[in-house]
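J.: Supplied in structure tokens, the structure appears directly below.
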């Protein structure tokens, strides 16, 4: 008797489901529909457990204007630099060659835009997303702030607030695969050419 | 060093033939490429190699975007070729006709003289070389006192120039003076038959009394103009399934940086297209560039907004 009952029981909830359950209260208060939150949660889960990102935050409001974002977005810290500008790479290699010392690439906080493969976007909606976010996501950065007087590190022209506005376009497929693309606001030359 | 393309005067005529915008003047083609980043596509067969289509020659076909840009910026103007020829050559009588034929003859004469000068130079060089060979040979034979063998050798051997150009090979074994050469040289007084690649001088062509309308460019024109204003070179993007291949400099010197696709401001873009374009671009070491004109903005001037996608490597 106990065995037949067991087949009617639901299997244990998945890790993603647990996160969704836990965030139920905050979703109800959010300006965005629940499915967008679930999408963000799933991307966040993928970043955290598959790509070892840390300091992940879901943003519902623009850090610039405090108006609601077009959809919930994620910011986080990748385990290593997600993007190095080709000119920065050249400068770093040159400096390493000249001094013989290796230059550490400290990861920077990145914006992530969760999307689903079955969705459609428009240039206008991308523009709205970019207009609503700052160059660097708010929050703790592992990068040490350098003083004005200090010698600026090699490649600082392409780091922090000096970098071109960018985000990671995370696209979720039906089978929960996620692909990530670097998307720049404006023309930025490719990394390898 | 001055080039003949430096003498091109703006605005240049663009021939409209059967709905295509064509350039027939090599100087104009070079000038536009050098000064205005306009590449176009060469579509003419090469007479010496008619069986291949890897390397093409004149005429150069311009994209409608390129033609529109040139007209908009007053660098070029469109001439309806058929109408112009009909109008011009049916009214070409009497003195005008004589003048035209005379100008053709003068051009032919100029070409003939130029060819003659080249041929002459070649022959003089060959003569000088022969003289040196003969001088060393005679000196050798005198020293070694071996007679009879060397003259026959002299006739067997040809100098490299003669081997390259058998028609200029002297009939007699060793001509000794230049006058013999010049008698066989090009008859410089006879004009060559000319087939001009353009039927008008680009500077002498009068403006159209009723010019054809400004070329109609596809919807991707704002993106084209935006990139062109930033000194990029554009080539047709068919081979990568996009609107344009975008080069940071002359395509003969650089690999392209972007695959550019234009979208309407509120045109729906499937995420799969972005993923596919981004992956193709990264696979060929380029960025996938999407862009279009912001029709909702109230700003002025260039309202094109662009985004570049690259695979994040994760």
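Here, residue 1 is simply the first one shown, and the rest follow in order.
The backbone N, Cα and C atoms fix where each Cβ goes, glycine too.
Note that the coordinates shown come from a computational prediction; the quantities given were computed from them, not determined experimentally.
Sharing the feature lines straight out of TrEMBL:
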type: DOMAIN; residues: B:12-81; note: domain 'TSEN34 N-terminal'
type: REGION; residues: B:134-181; note: region 'Disordered'
type: COMPBIAS; residues: B:137-146; note: compositional bias 'Basic and acidic residues'
type: REGION; residues: B:192-211; note: region 'Disordered'
type: DOMAIN; residues: B:221-295; note: domain 'tRNA intron endonuclease catalytic'
type: ACT_SITE; residues: B:247; note: active site
type: ACT_SITE; residues: B:255; note: active site
type: ACT_SITE; residues: B:286; note: active site
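Would you situate these features in the structure and describe their surroundings?
T.: Averaged over the domain 'TSEN34 N-terminal' (B:12-81), the predicted model has a pLDDT of 89.
Of all Cβ atoms in the protein chains displayed, 21 besides its own lie within 10 Å of the Cβ of residue B:247 (active site). Look at residue B:247 (active site): DSSP puts it in a strand.
Residue B:255 (active site) falls within neither a helix nor a strand when secondary structure is assigned with DSSP, and so counts as coil.
Sequence-distant neighbours of residue B:286 (active site): residues of the same chain at least 6 apart with a C-beta under 8 Å from its C-beta are B:240, B:255, B:256, B:257, B:258, B:259. For the recorded site, residue B:286 (active site), the DSSP three-state label reads coil.
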J.: Is any of the active-site residues B:247, B:255, B:286 near chain A, in the sense of a CB under 8 A from one of its CBs, and if so which?
T.: B:255, B:286
J.: Please list the DSSP helix, strand and coil residue counts for the domain 'TSEN34 N-terminal' (B:12-81).
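T.: Summed over the domain 'TSEN34 N-terminal' (B:12-81), the classes give 21 helix, 27 strand, 22 coil.
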